[in-house]
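Novice: In case it helps, TrEMBL gives these features for our protein:
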DOMAIN    27-479  domain 'Major facilitator superfamily (MFS) profile'
TRANSMEM  20-40  transmembrane segment
TRANSMEM  83-101  transmembrane segment
TRANSMEM  113-132  transmembrane segment
TRANSMEM  172-195  transmembrane segment
TRANSMEM  201-224  transmembrane segment
TRANSMEM  286-310  transmembrane segment
TRANSMEM  322-344  transmembrane segment
TRANSMEM  351-371  transmembrane segment
TRANSMEM  391-413  transmembrane segment
TRANSMEM  425-448  transmembrane segment
TRANSMEM  454-475  transmembrane segment
Amino acid sequence: MAGGGGFVGEGGGRSYEGGVTIFVLFTCMAAAMGGLLFGYDLGISGGVTSMESFLSKFFPSVFHKMKNESADQNQYCKFDSELLTLFTSCLYIAALVASFFASSVTRKFGRKISMFVAGLVFLIGSVLNGVANNIVLLIIGRLLLGIGVGFANQSVPVYLAEMAPTKIRGALNMGFQMAITIGILVAGLVNFGTAKIKGGYGWRVSLALAAVPSLILTVAAIFLPDTPNSILERGHPEKAKKMLKKIRGTDDVDEEFQDLLDATEVAKRVENQWSNITQPRYRPQLVICLLVPFFQQLTGINVIMFYAPVLFMTLGFGNEASLMSTVITGSVNVVATLVSICTVDRFGRRALFLQGGVQMLICQIAVGVMIGMKFGVSGEGAFSKGEANWILFLICAYVAAFAWSWGPLGWLVPSEICPLEIRSAGQAINVSVNMLFTFIIAQVFLNMLCHMKFGLFFFFAGFVVIMTIFITFFLPETKNVPIEEMNRVWKAHWFWGKYIPDDAVTHGRQDRAV
């Protein structure tokens, strides 16, 4: 549509002029590398904590329990150790705290500064973990990794949502989740290789190699441009408009730029975004930013991801077989995320959420039934090769369902629904809730497995039912809706519409409607 500025898109909002440029694709791909930090750590932790040399050095009680091969050993409780879970989970409490600081940095200094801080701090933590010779230094390194993850997870999804053209915003934003899945897969391959290193230092290599994704993000952040939204928010309108023209590949950006100006003017009137987000007019955004990350963690996915080797060993897989099984599930994760990238802007967010929920539910119930029938409540038993293969298949199907639904959409939806004046606060809430429940589940999973046994899978399946019902009734479709036009979607919703005042939809439109 030549010369018109903007027009109504099929998603209920307006589309803007301009296309998909090589420049914006490159910048979004580079920024998405921030997901490698989170993904590599998710994948590396479980593998390292199943290595005998690591356990014998830092967690000797777990090592001795693991080496106990008596026939009447309770398989459910073999790895139950509060100190071991603290090693894994302390990262996430650090990320939770860091996300609130990252929110202010992201808003005041720009998205790319937060990404630079994320990469640099994660790099330092990687080095400390690689050279650690005692549990204290190991935990300090993990805390620094957590700070890096908090800053990256706060800034990268917002950066991608603001840079991407509306019609492919879902696909580009999912580059973050794609990087997470690649990080998990690479970590699995690294663990599989380092576990074979003679001399007992393979775990050091695994942990130290986390420096690679952190270096990639640090260097990328130096050269990446900031988003037009962020530049405008910091008071540089001409520079912001120039950047908007560059990323859209056209000089006809007046309509979109005016929307950004309107949003910035509203944002400037907000003195405190934290008190502002609690106002009734932002109720749908607040609820979604709270519940989506909460539900994402209650799918049980991180139980599979960072405890996969331990879980597979508990189910009777050997050490090498358990690490290989982790590589297989990691590969499925990557492929399924590609499916999501190709379909999210075609079929929409809701369709993927709902289909993924049903598939996860079926797989979790099936896994719980199989484990219950084999191990019962005593925890004694072992899978045959055929049964182990079925468990692996069901877990892969579960991982695939998550990877094209709650995995990427858990980051995409909260990052695209918040207006500029509460965007940093909304994303900080999203990250902090995500990290809080990642921490809680990481901290209690091995203990829950010990006490709830196969019922643990039914526990998570119950939450999948609840979250699927929530999506059905309370999440409107947001595909093809410009990020600054999202209030139109909420206003039209059967439940959320009562919270959205008319001026939130009509603001900034009246002059141009004349």
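Placed from the backbone N, Cα and C atoms, the Cβ positions cover glycine too.
Source: prediction; values computed, not measured.
Surface or core, plus neighbours and distances: that's what I need for these features.
Specialist: Using a Cβ-Cβ cut-off under 8 Å and counting only residues 6 or more beyond its ends in the same chain, the transmembrane segment (20-40) has close neighbours at 115, 118-119, 122, 145, 148-149, 152-153, 155-156, 159-160, 163-165, 167-168, 172, 175-184, 186-187, 209-210, 213-214, 216-217, 220, 223-225, 246-249.
Using a Cβ-Cβ cut-off under 8 Å and counting only residues 6 or more beyond its ends in the same chain, the transmembrane segment (83-101) has close neighbours at 41, 45-46, 49, 55, 58-59, 62, 135, 138-139, 142-151, 153-154, 306-307, 428, 431-432, 435-436, 438-440, 442-447.
Counting same-chain residues at least six beyond the ends of the transmembrane segment (113-132), those with a Cβ under 8 angstroms from any Cβ of the stretch are 31, 34, 37, 102, 105-106, 138, 140-152, 154-156, 159, 204-205, 207-211, 213-222, 224.
Tertiary proximity for the transmembrane segment (172-195) is limited to same-chain residues at least six positions away from its ends with a CB under 8 Å from its CB atoms, namely 24-25, 28-29, 31-44, 47-48, 51, 156-157, 160-161, 163-164, 202-203, 205-206, 209, 213, 305, 309, 319-320, 323-324, 326-327, 329-331, 333-334, 337-338, 340-341, 344, 403, 407-408, 411-412, 415-416.
Listed as Cβ neighbours of the transmembrane segment (201-224) (distance under 8 Å, sequence separation of 6 or more from its ends, same chain) are residues 27, 30-31, 33-34, 36-37, 40-41, 44, 47-48, 51, 53-54, 112-113, 115-116, 118-120, 122-123, 125-127, 129-132, 141, 145, 148, 152, 183, 187, 190-191, 193-195.
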Novice: Which of 322-344, 391-413, 425-448, 454-475 shares the most C-beta pairs under 8 angstroms with the transmembrane segment (351-371)?
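Specialist: Between the candidates 322-344, 391-413, 425-448, 454-475, the best contact partner of the transmembrane segment (351-371) is 391-413.
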Novice: Which residues of the chain, 6 or more past the ends of the transmembrane segment (425-448), have a CB below 8 A from one of its CBs?
Specialist: 79-82, 84-86, 88-90, 92-93, 95-96, 99-100, 102-103, 106, 146, 149-150, 153-155, 157-158, 273-274, 276-277, 285-286, 289-290, 292-294, 296-298, 300, 302-303, 306-307, 310, 410-411, 414-415, 417-418, 456, 459
